[in-house]
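Here it is: the structure, laid out below.
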Amino acid sequence: MSVDEDARWLEWVTKQFESIAGDDKEINLNEFKTALKVRESFFAERFFSLFDSDSSGSISLEELLKALNLLIHGNETDKLRFLFQVYDVDGESQTHEGQSEPALPACSGSIDPDELKTVLKSCLCESAISLPEEKLDDLTLVLFESADKDNSGSITFEELKAELENFPEVMENLTISAANWLKPPDADQKKNKTPRYLTLTYWQNNSRKLLFLCSYALLNLLLFIGAVLHHSYGGGWFMLAKGCGQCLNFNCTFIVVLMLRRCLTWLRATWVVRVLPLDQNILLHQIVGYAILCFTVVHTAAHVANFAWMSRRGEFGLWEYLLTTRPGIGWVKGTASLTGVVLQLLVFLMVFCSSTFVRRSGHFEVFYWTHLSYIWVWILLIIHCANFWKWFVVPGLVFLLEKIIGVAVSRMGGLYIVEVNLLPSKVTHLVIRRPQVFHFKPGDYIYINIPEIAKYEWHPFTISSAPEQSETLWLHVRSMGQWTNRLYEYFRQPESQMFRQKILSIWLEVKLKCFSVWCFYLQVPANHLFCYIKCYVDGPYGTPTRQIFASEHAVLIGAGIGITPFASILQSIMYRYHMRKHNCPSCSYSWCENIKDNDMKLRKVDFIWINRDQKSFEWFVSLLTKLELEQADEEPDGRFLEMHMYMTSALGKNDMKAIGLQMALDLLAKKEKKDSITGLRTRTQPGRPQWEKVFQKLSEENKGKVHVFYCGAPSLAKAIKHQCERFGFKFYKENF
């Protein structure tokens, strides 16, 4: 932190203290824990003990500020000594040479293995990492052996300082104010002064979308003006209603075009994808939906105002104009007003139930069923407006054709769920027998219907297996809503209820002369089930990830279950990579062709997976282990695929509550050639990626044009897209 930030932080600490402290102007240990937001009591107790210089059992504001000032303005040795005192659990208060009084209690002089193990165990709790006791012993031993240079059986302050010098990133953090070590995790981040929407880079990187939106707005304006001029005889309110009505004719038709998934999938393979923002069809669909809502409100309000004016001069009252067919307005027996009222209600209902807070709050079914009201909307629009059918006829027929094809595809034979793996993180891994006629590309998604779970519901999921895996296709379904929870619980039902499906599955495998499956079944764990359950699939449909193979340097970023499309892509990439690999017949030297071909132009792939907790890595750790083994013989700098793992709940090396743990994890990973958290060779990094540093490194590799593909939470997408705009990288986000 800068000097100004230090001053502001100390001021904030003072206010926090005064708000928590009682009449005695002191705080106890429990109040200190609450203010510091420390999850594990060990560190709170150690900090409290070090700040309580008079050992009174409470901290005064003077004691707290004296300690913090030392950490903020002290030199590197002062900060290191504070770290040592935290680790030296049995330390006693001493006065060091050159100090008139101890600003902080001093240490006993050494750290023994038991103290180190206690600290590392608390570090694991702080970072929400669960490791077996044997692994904790290994971490303690490897860090202790590395730091105890003289093999004396204890670590002195000088030895700890020497050990820390082997970790430059830790020493670098010592130059920063040590107050960062104690700062609560929800510290405010700096905001960019210039809004990204006003930067030249943003307009350059979003040129297709912005040009399309400008064209869309201009077309609506032209339609509005044309309709207003054409109906100038009817007065101002009538003209306004007709202008909005013409825009509604266009938008209620155009919103259908944006959801023609098969047509859009086909267009992604053509030159059109370089001109139109096909990858943002969901965003455009939402924009058009809100435009329909706005035009509907204005259209209705203008008609109401016009009816009010007409009722004062005519034989019908306002309510007769609005709620009866007596005035004879409309081309189908005067039903324009009645159908208009119903349409208004339906549009409001569809927009409200498609809001983010409804879809992502475990009520996807509400969105799903209310959105099916589009069928009634189209029927009522045809009755309501005499000219709407002229706009709708072509897109409507294409939409109907897509639906017929979808039904035909979904009813093709041979689609059965034959295997289920329930993961502890409430993810259901479905293995579906794949018909020979079913073809897809990496990253594609499908809609699936499982009558055993819900007879009429269809839900979209990305295929997580590779197209080269010809016999089956995989889906990984995270339990987040009613349907996904029912799916998970269905396969968790007692063994006796699953017996029928298991026996049927065994019979099927024996029938197919796969007797080895029977032997495997006898050893299968409880959360791994064989079954034979009918399902229906509609698709596949393309996504922005289809552009990966046309990239030179692809960066795949998955957040949580957002790794699903990249699981398929990574498998397919490595398959194609090995197809291009050659070996010299004389010396067996292996190399990869550095040529561009139509199938794959990739020269480098960086895969970044961000998870909140340790359990989430179990989803695809076996796949990633296999991919690592395929590159085991290659030099780290020359690897075609490079992996980066991040665990956001784990504290980083700039936090005193995790410095020792992260050092131990680094040392043990170097010794065992694998990460203690995931078992991969790739070391899991704590905290969130520092995107500016990550992207700076990517730009310096010079492996060609960088294309970034992301699947995960929308909030993280904004941060990544902002960095892509800064570095001139192409950004693609998974939408469906």
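Every residue, even glycine, has its Cβ placed from backbone N, Cα and C.
So TrEMBL has the following annotated:
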DOMAIN    39-74  domain 'EF-hand'
DOMAIN    135-170  domain 'EF-hand'
TRANSMEM  210-231  transmembrane segment
TRANSMEM  287-309  transmembrane segment
TRANSMEM  329-354  transmembrane segment
TRANSMEM  366-392  transmembrane segment
TRANSMEM  404-424  transmembrane segment
DOMAIN    410-547  domain 'FAD-binding FR-type'
TRANSMEM  554-577  transmembrane segment
For the domain 'EF-hand' (135-170), give the DSSP counts of helix residues, strand residues and coil residues.
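Counting residues per DSSP class in the domain 'EF-hand' (135-170), I get 24 helix, 1 strand, 11 coil.
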To the transmembrane segment (366-392), which of 210-231, 287-309, 329-354, 404-424, 554-577 is linked by the most Cβ pairs under 8 Å?
329-354
If you average the pLDDT over the domain 'EF-hand' (135-170), what number do you get?
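84, rounded to a whole number.
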